[in-house]
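Here is the structure we will look at, set down as structure tokens.
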């Protein structure tokens, strides 16, 4: 039987890309925000700030587990409905976090958030690619990827400002609201998934498949180790005030956005290996600089 594939014009496709960018912005902000703002939350949970690593670890554990399951089973689900359920549950779990002072319950909520949020990006990107013609995929993906820079440039400074002036509960309520706002956008703008009666062959569980599935995680492993200790490092070791944190994250977001643009230009002149090696060296030097400036 043939596929039933809808036809979209350029404006409709870009609206889909903008909705996906908003979804990824809310999803990435929900994941990234808890480590920096845990400095504001720790006292309410009667634990030291260094316990933020456990909080991020529980989210990551949930994301890894759901990612492995989705890698083999996601083709059996309607991706649009799956995305709606993900964002609804993510908003609910974030909202419930503001009503507990139990650290063990917080860890449970973050594990559940990881199970939900860990597959959101992959499902969203797959919907985008499935509905976009080949010549527009690059432009649409670039629109979605830009949302990650906006998390650091706009999202994190806003969240930290709310924490410093109104409390961490307000910051989480904002993120929960963003997740809820994504729901009508998904319902009315994201197209229905094309109907197919063909079954894809099962992926073999071999070394090549595991390396492909984990390559991005391996590349991000070292930078992500820094995230849980970033705020304590800046406030306790480097003497940065809490009012300065939004501007520090803003500067980091701008630097990340500019480096992404530079990488796009440099890929036509240098090999991927050269760029990856150079960026790794810069990352190591920045870590050494932090160590030397600590009292």
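Backbone N, Cα and C define each Cβ position, glycine as well.
Just so it is clear, the model here is predicted, and its values are computed rather than measured.
Listed in TrEMBL:
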- 12-34: transmembrane segment (TRANSMEM)
- 16-295: domain 'Major facilitator superfamily (MFS) profile' (DOMAIN)
- 54-75: transmembrane segment (TRANSMEM)
- 82-101: transmembrane segment (TRANSMEM)
- 107-129: transmembrane segment (TRANSMEM)
- 141-162: transmembrane segment (TRANSMEM)
- 168-190: transmembrane segment (TRANSMEM)
- 244-260: transmembrane segment (TRANSMEM)
- 272-289: transmembrane segment (TRANSMEM)
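Outside the transmembrane segment (82-101), and at least 6 residues removed from its termini, the chain residues within Cβ reach (under 8 Å) are 23, 26-27, 30, 44-46, 74, 109-110, 112-113, 116-117, 119-120, 123-124, 127, 169, 172-173, 175-180, 182-183, 186-187, 190. Of the candidate ranges 12-34, 141-162, 168-190, 244-260, 272-289, 12-34 contributes the most Cβ pairs within a distance under 8 Å of the transmembrane segment (107-129). Contact check: the transmembrane segment (168-190) against the transmembrane segment (244-260) gives fewer than three Cβ pairs closer than 8 Å, residues 6 or more apart, which falls short of the contact criterion. Outside the transmembrane segment (141-162) by six or more residues, the chain places 14, 17-18, 20-22, 24-25, 28-29, 32-33, 36-37, 124-125, 128-129, 168, 170-171, 174-175, 242, 245-247, 249-250, 252-254, 256-257, 260 with a CB less than 8 A from a CB of the stretch. Taken together, the residues of the domain 'Major facilitator superfamily (MFS) profile' (16-295) have an average pLDDT of 81. Same-chain residues lying 6+ beyond the ends of the transmembrane segment (244-260) with a Cβ under 8 Å from its Cβ atoms: 36, 145-146, 149-154, 156-158, 160-161, 164, 231, 234-235, 279.
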